[in-house]
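Okay, structure first, notes after.
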Amino acid sequence: MLSPPSPNPPAIENNSGNNKALGFSEKDFIASLMPKKEIGADRFLEMNPSFDGRGVLIAIFDSGVDPAAAGLQETSDGKPKILDVLDCTGSGDVDTSKVVKADEDGYIVGASGSKLLLNPSWKNPSQEWHVGCKLVYELFTDTLTSRLKKERKKKWDEENQEAISEALKELNEFDKANVDVKSKKACEDLQHKLDFLRNQAESYDDKGPVIDVVVWNDGEVWRVAVDTRSLDDSPEKGKLADFTPLTNYRLERKYGIFSKLDACSFVTNVYNEGNVVSIVTDCSPHATHVAGITAAYHPEETLLNGVAPGAQLISCKIGDSRLGSMETGTGLTRALIAAVEHKCDLINMSYGEPTLLPDYGRFIDLASEVVDKHRLIFVSSAGNNGPALTTVGAPGGTSTSIIGVGAYVSPAMAAGAHSVVKPPSDGLEYTWSSRGPTADGDIGVSISAPGGAVAPVPTWTLQRRQLMNGTSMSSPCACGGIALLVSAMKAEGIEVSPYSVRKAVENSAFSISNVPEEALTSGQGLLQIDSAYKYIQQARDLPPISYQVEINQVGKTTPTLRGIYLRECSACLQSSEWTVQVQPKFHEGASNLDQLVPFEECIQLQSSDKSVVQVPEFLLLINNGRTFNIVVDPTKVSDGLHYYEAYGIDVKASWRGPLFRIPITIIKPSAPVGQPPIFSLSNLSFYPGQIERRFINVPIGASWVEVTMRTSGFDTPRRFFLDTLQMCPLKRPMKWESVVTFPSPSVKCFTFAVQGGLTLELAIAQFWSSGMGSHEATTIVFHGISTNQVAVALDGSESPTQIVVTSLLAAEKLVPSACLDKVRIPYRPVEAKLSPLIGSRDRLPSGKQIIVLTLTYKFKLDEGVSIKPSIPLLNNRIYDNKFESQFYIIVDPNKRVYSSGDVYPDYVSIPKGEYTLYLYIRHENIQYLEKLKQLVLFIERRLEKKHNVFLLYDQIQLNFFSEPDGPVTGGGNFKSSVLVPGEPEAFYVGPPSKEKIPKSAPAGAVLVGSMSYGMVTLNSKSDDQNNQRSPASYNISCLVPPSPKADDDKEKGSSTTKKSATERLAEEVRDTKISFLSSLKRETEEEKSTWQKIAAALKSEYPKYTPMLAKFLESLLSGASDHGKHSHYQEVIAAADEVIDSIDREELAKCLSLKPDPDDEEAQEFKNKMEAARDHLAEALYQKGIALAEIESLKPVESPSEPEEGDDDITKSSEKSDKFEENYKELIKWVDIKSNKYSMLLIVRERRYGRLGTALKVLNDRLQDDSEPPKKKLYDLKIKLVDEIGWSHVATYERQWMHVRFPLALPLF
């Protein structure tokens, strides 16, 4: 995840006056927009101007860099700035596996169906053209798409309004000229046209233009051309033949622009021998901004240069456009592959998120290999989740091999870039910058760097640069600074190693604060390039070594830690002893005899406070490592936060600083007092950026807190961060946060859940740029209702579940509430397929090819609902997951994509119908994938909070009872009670009634929801809650039992019949013969002849047997035409006539008009037989009508004359028209012609008579009926009708939608 940009970037040219008022010059102001002075980069470059990043290649793992952005075209020494631009996610991939040939006029038909003229100058020895297409909005950001939609909607509205005006004019003129009744249908037709246009305006939903992509090999390289006419106002612009062909960006470093309207640049890369084209665009301005901070070069204004203007870049897009800008495992892995392939020196990654386990996961393993084996220096953001401790994110703040960077703001940055009225007098970390330590005790933040800048952004933003802040900005600042070091090291012949570089930047950093605990905020301090360079020069002859530290508490083998983190109250009651293993780590390929065997270092062990941390004095460290014990005594420290270090110093070279550090964090919590327990903070004085931390031992039995916060001492608004955090093993930190603005001195209340027995950190911070000082007082009251059931699971039987609750802290009102609001239906895959991926972008640096497991799931929805796929094994973990990646798509039978996602599935609203979910899981270990071939997936549906008896999915409120038989007898309802401290009370929660269980939830599905017990006691509701229930809730679930057996009493005796065995046998033989004939193929002439002979024999044997004749008609309709369309339709008419003639219509009408006695089985059976005959008759009449219309359309005959109203539209213009009308009139006697089954004939009829508006209305009514899946032929007909009317803007709109509703193939993943 990445940090959002500031919405209001400052304008450089308009602030000179303010700059003078703030006390610095315009030059100082411009320099503050791209801070470099803070890290000593300006001093370093002044002394070493040629060490500005030259010779250094940096990989930007981010949202995709725009090669057209300001400052990203060339380096300070005239070399290309960006050497490659890659979409590692696959979100821009286009399937170009279809190959076509050009016609004699030089045209090809593109994948979209458009006719494309080729440029005759393009060389293509094979004359094979690969084609594909893409909905262009899939390549754009939401912001850009929103802008384009507004522009396109404006133009479309103008055209639609013009069409509406014309239709209204035509209607008004018709009304004046025609006043007789016979003009009614023509008038209705005009009205329907007007209504259609108005409805189109209301339902307008722009899915974007479609671009055609053409790929060919010119004999040397693969070339790509794009047809973008659908994006331009003029049809003469964006033609394929006018496009300047691109190739893989790394070969020629050229890019294209889709259109002047979007101003969006793109590059192309061709894979798999022309069968896949990757169109690379950015999914956010974030990456371009990051790249600009790292290495932008502005010769016209060098103060705006990035930190390393001489460095070169490759852009590795890890943010997936299909997911907004979320990173994916596929993107991360491919980015690492690309960085190694390009022999990069550094990686910057300004992405990350919280993690379950630090220094764990597939990506972390691969990143460590890249650092250790291939010697890349990996720099990443620490995260933006502060100010609470233990908020550093993965991978930057939690991974041993990665340099995690915190965000610093200087007074100059505050005054200049942020335009703060009263900037702070000293530099400080941004309030939101994530803090250490990690869950396993590591410091978390390595160093700090400026975390804000005004840097380049993509051209589609329609501006050159923008202000953003976050550790996303501090990381590239540090990365650029390290690039200066690497540039110097290469120039001076010093061996470049991530181990030695990291040691240099950490041990030379400037300490931002003298308070030891601030190391958890800023790491070793603010990066200082000039000091680090001196360190590098002095250490040039030392071997590059990383000192790995592993720690175990004495007596325990797990977990293995990287630091010591004592957080809970019990850990501070006595001393503890820890075993430390220090292991020197050389790069792969180090010489055994020359480096490993001779390695020995005499280490002096030191402690930052010997009264708390006791260490041995010396250690002889050898290649195989050494262990030693340390003792930590927290009993003597005061309540609160304490940070110490044990570290090792080279006795012979103390200037090297600590070779390794053992971070030791001790939190000694305070205990609340009273009944209920209360913790109070009073008379706290705040200044901007100040953080007050309090650590509270949450009483056992507490489950929620109620906080009252009072502010005073200010006259302008003040902004506060309020963070709380608890930690539990093998869980992500339990964090609650609120950003609160006090417009004036006032009181605000909050409630949130806590877990009893665990230390709670309360961090209150006045935002770093929020006004001046203020005063604050906070009262925290602990409440709790303990239960014997942390998670309630109802087994699906009629039996209730007993719950015992206790209040251990104070009297609490017990008001239980339970609601089941989701249903989770499990599915197994119907198909599992393993296949190796093709190409170098999916081949790991180790040489192993990645394998993909494709799992196919099928499910059906009985109505439109919101659903979310859930894969418990894989979801909610990107970095702390041993599987490389996962990705899913949900499609309908037409291949329309309704949803896609990865580790964080989202709810999506989907109409009723049948769907397929494809899940892709990647790894190079086939044994792992084999174990997932039967992976269980849940489809989770929301139950709506409505009380509608017709709603299939209604939330289920559960009832409570004081008696075990309450759910059956209805007695003993339990509503509420008052809990006396220490005295347990019991009640029962009953299962949902069978009537409330969703009808479509099968046995084995699980209903899930939440349950709460208490009530908030604050006088006023909290700002973030709309009810008074306790925020502490617990999971509750109910297994869906098998459905009750259907009552089949009514069916008794239904199988009895009066027919003899001989009669039944004859019927069975007849039906078998008919079934056999229906199964025969009719592909070859011999098969057709055989079918006809058998059919003739059956007609002779069973003359005028309607079901058989209906089967013959059905077979004829399903088969191909034998002798052309005209003959085929004639055969259909003949077959339909046979069905029609076999039915006595007068007798049928008479029988259907009578209502049989429901108790007379024979009469009811005869009634069913007559209804079946009616259905056969209607189908035959319908198919005959369609065939008559098709025959008429094959010849250029005149349209039938407009029928007279009084003649019921029967025209006398021709025999064929009479036949159609007579057939139509017969059909409407038996069925509702507007029903879905027969409405097509009504549409055809209206179209024959030129009433296109009415035809369009009938067709639209059918399309809006969701009782059947969308059919392409119906939408094709809609476009034809619109074209015939002359509404080109509507036709274009509908054609674009066709690519959404009916894509040619499944998307590439």
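Along the chain as shown, the residues are counted starting at 1.
Glycine too: its Cβ is placed from the backbone N, Cα and C atoms.
Please treat TrEMBL annotations as automatic predictions, because they have not gone through curation.
These numbers come from a predicted model, not from an experiment.
Residues annotated as region 'Disordered' in TrEMBL: 1-20 (among others).
Taken from TrEMBL, the feature compositional bias 'Pro residues' covers 1-10.
Among the features that TrEMBL reports, domain 'Peptidase S8/S53' is placed at 53-519. On the 0 to 100 pLDDT scale, the model's mean across the domain 'Peptidase S8/S53' (53-519) is 95.
Summarising the annotation, TrEMBL assigns active site, charge relay system to Asp62 (among others). If you draw a 10 Å sphere around the CB of Asp62 (active site, charge relay system), it holds 31 other CB atoms from the protein chains shown.
Residues annotated as active site, charge relay system in TrEMBL: His286 (among others). Cβ neighbour count for His286 (active site, charge relay system) (all protein chains, 10 Å cutoff from its Cβ): 27.
When other Cβ atoms within 10 Å of the Cβ of Ser472 (active site, charge relay system) are tallied across all protein chains shown, the result is 33. The active site, charge relay system annotation in TrEMBL covers Ser472 (among others).
Taken from TrEMBL, the feature domain 'Tripeptidyl-peptidase II first Ig-like' covers 560-667.
For the domain 'Tripeptidyl-peptidase II galactose-binding' (686-770), the DSSP counts in helix, strand and coil order read 0 helix, 50 strand, 35 coil. Sequence annotations record features per position, and here TrEMBL assigns domain 'Tripeptidyl-peptidase II galactose-binding' to 686-770.
Here TrEMBL flags 808-1001 as domain 'Tripeptidyl peptidase II second Ig-like'.
Here TrEMBL flags 1019-1066 (among others) as region 'Disordered'.
Per TrEMBL, compositional bias 'Polar residues' is recorded for 1027-1036.
What TrEMBL lists as region 'Disordered' is 1193-1217 (among others).
Mapped onto DSSP helix, strand and coil, the compositional bias 'Polar residues' (1027-1036) counts 0 helix, 4 strand, 6 coil. Cα spacing between Asp62 (active site, charge relay system) and His286 (active site, charge relay system): 7 Å, rounded to the nearest whole number. For the domain 'Tripeptidyl-peptidase II first Ig-like' (560-667), the most Cβ-contacting stretch among 53-519, 686-770, 808-1001 is 53-519 (pairs under 8 Å). Put simply, Ser472 (active site, charge relay system) is 8 Å from His286 (active site, charge relay system) when counted between their Cα atoms. DSSP labels the residues of the domain 'Tripeptidyl-peptidase II first Ig-like' (560-667) in these numbers: 15 helix, 57 strand, 36 coil.
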